[in-house]
Amino acid sequence: MAIYDLVVIGTGPGGYVCAVRASQLGMKVAVVEKNSTLGGTCLNVGCMPSKALLHASEMFEEAGHSFAKMGVSVSAPKLDLPSMMNFKQQGIDGNVKGVEFLMKKNKIDVLKGTGKILGTGKVEVSADGKAQVVETKNIVIATGSDIARLKGIEIDEKRIVSSTGALSLEKVPGRLLVIGAGVIGLELGSVWRRLGSEVMVVEFLDRILPGMDGEIAKQFQRMLEKQGFAFKLGSKVTGVEVNSKALLAKIEPAAGGAAETIEADVVLVCIGRTPYTDGLGLKEAGVALDNRGRVQIDPHFATSLKGVYAIGDVVAGPMLAHKAEDEGVAVAEIIAGQAGHVNYDVIPGVVYTTPEVSSVGKTEEELKQAGTAYTVGKFPFTANGRSKVNQTTDGFVKILADAKTDRVLGVHIIGREAGEMIHEACVLMEFGGSAEDLARTCHAHPTRSEAVKEAALAVGKRAIHM
Ligand code: FAD
Ligand code: NAI
């Protein structure tokens, strides 16, 4: 029986990246995966399929609404949903094969089955009623997360769906009721609205996208409403009655009060995700969980059991693929005796809608709460030349800098390609840069990124084009 240096349980972005980095560092590595394909939530039912549908549905909407004004005359686009789903599947397959290739290239053994930790250095892998025990010096738990469920609302993945069902609907629902105005609700709500659904979003809080900068969220809500989204904030769904014709959702004010009934054809439940530790045998092995069911780790990703580490969605922190990947690299380096490290102050977040929303660092609300004195520089895309000629002027860039030192503390962007533009702010912040550093960096013209430079100039009240 092979003795590995490292066995990684789970092959999502956390697990497979950790395995590759460990192999680069000279370790003998195996990954354990219970799903029939590698890549985890992100590649199979998360980031990648959702982005394929967001892209395809955006093209559908553009063809119907934006081409004519540019002088491109096409007949009204027709939706071929099975082909769109096929486009999505091809994207998934390509990425999953890419991970298989990386495992081969890096000589990483792939053990198909459910991994269970028997104790330090021992992982049982079971599949089809057969089990084998593999021995290893180190174990990394990268088992990710699962959908959070709402009490009394049974997900059947046909009419009452989670994100997984919403990525594979067989026809466009006439009326889509989304529970939760977080990232999934707004991204997948956008997909189905563009394809023809009437979308209503019910959110418990009195705002959308909790955690994002408040001003950005407010503006974004207005833009989504203009696109046809309806929002019911400060409300909760207390039950869904299923009958042959429609779903009848009972909605109450969050604080309690008179209920109303809203009819829908499909209900999407997206109220967050929970860490996934089923079948891992953590309790018996002595791996402690925190009060929210996440695997408890120290600052070096070590769990309470010697030689066992954990990363990604199954531990605390934002449930994002790139956070899981960076933790995967860091823990592999730590196991190899290096100084692996993740800077949690510089983890970008992106909502891949149209326009996109992106963010890194502190929000205004967080700075106010911490009592930090800050200056704000804002620049709208209406004053950016490239956005003007392309007639895509929705949104703005906002930079928050320390009032005393000018160090950039947070950057928030709403607008086309905001998800790409945020990275110059990430690099700047990683190096502790100031708004002045950004303002004095030459930006190519004409680009939308010039709005980032102008927002930095606006911190010092000297934007040129405004
Ligand atoms: P996962 O990707 O969840 O992988 C865990 C793997 O472990 C799975 O393959 C599972 O089968 C396996 N596993 C679990 N238990 C065992 C066991 N006992 N034995 C063997 N294998 C096991 N994040 C972004 O950053 N950007 C996005 O655009 C984005 N879009 C998303 C869209 C949707 C619809 C969803 C649901 C999520 C999205 N996310 C996005 C979040 C992202 O998918 C997760 O943050 C990321 O997948 C977490 O990676 P992970 O490696 O921790 O776990
Ligand atoms: P979320 O945490 O982003 O949003 C959930 C929303 O549901 C919140 O606004 C919350 O207030 C609301 N809510 C909770 N209980 C409710 C109730 N009973 N009734 C009404 N509203 C309720 O979670 P979401 O959208 O499910 O996404 C899960 C995770 O996946 C997120 O952590 C996110 O990071 C990740 N993800 C990331 C994406 C990206 O980076 N672009 C895309 C999709 C998912």
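Backbone N, Cα and C atoms are what each Cβ position is placed from, and that goes for glycine too.
The following features are taken from TrEMBL:
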type     : residues                                                                       : note
ACT_SITE : His445                                                                         : active site, proton acceptor
BINDING  : Lys51, Gly115, Thr143, Gly144, Ser145, Asp313, Met319, Leu320, Ala321, His322  : FAD binding site
BINDING  : Gly180, Ala181, Gly182, Val183, Ile184, Gly185, Leu186, Glu187, Glu203, Gly272 : NAD(+) binding site
DISULFID : Cys42-Cys47                                                                    : disulfide bond
DOMAIN   : 4-328                                                                          : domain 'FAD/NAD(P)-binding'
Distant-in-sequence Cβ neighbours of Lys51 (FAD binding site), under 8 Å, six or more positions away: Gly91, Tyr352
Output field, NAD(+) shell: CB within 8 Å of site CB centroid, site Gly180, Ala181, Gly182, Val183, Ile184, Gly185, Leu186, Glu187, Glu203, Gly272 dropped: Val178, Gly189, Val201, Ile208, Leu209, Cys270, Ile271
Number of Cβ atoms other than its own within 10 Å, given for Met319 (FAD binding site): 20
Other CB atoms, at most 10 A from the CB of Cys47 (disulfide bond): 21
By Cα-Cα distance, the member of recorded positions Cys42, Gly180, Leu186, His445 nearest Met319 (FAD binding site): Cys42
Binding-site residues near ligand 2 among Gly182, Met319, Ala321 (Cβ under 6 Å): Gly182, Met319
Candidates near ligand 1 among the recorded positions Cys42, Gly182, Leu186, Glu203, Ala321, His445, judged by a Cβ under 6 angstroms: Cys42, Ala321
Residues Gly180, Ala181, Gly182, Val183, Ile184, Gly185, Leu186, Glu187, Glu203, Gly272 [recorded NAD(+) binders]: greatest CA to CA distance in Å: 15
DSSP three-state assignment for Met319 (FAD binding site): coil
Nearest recorded site to Gly182 (NAD(+) binding site) by CA-CA distance, among recorded positions Cys42, Cys47, Thr143: Cys47
Neighbouring C-beta atoms (10 Å sphere around the C-beta of Leu186 (NAD(+) binding site)): 24
Neighbour tally for His445 (active site, proton acceptor), based on other Cβ positions within 10 Å of its Cβ: 10
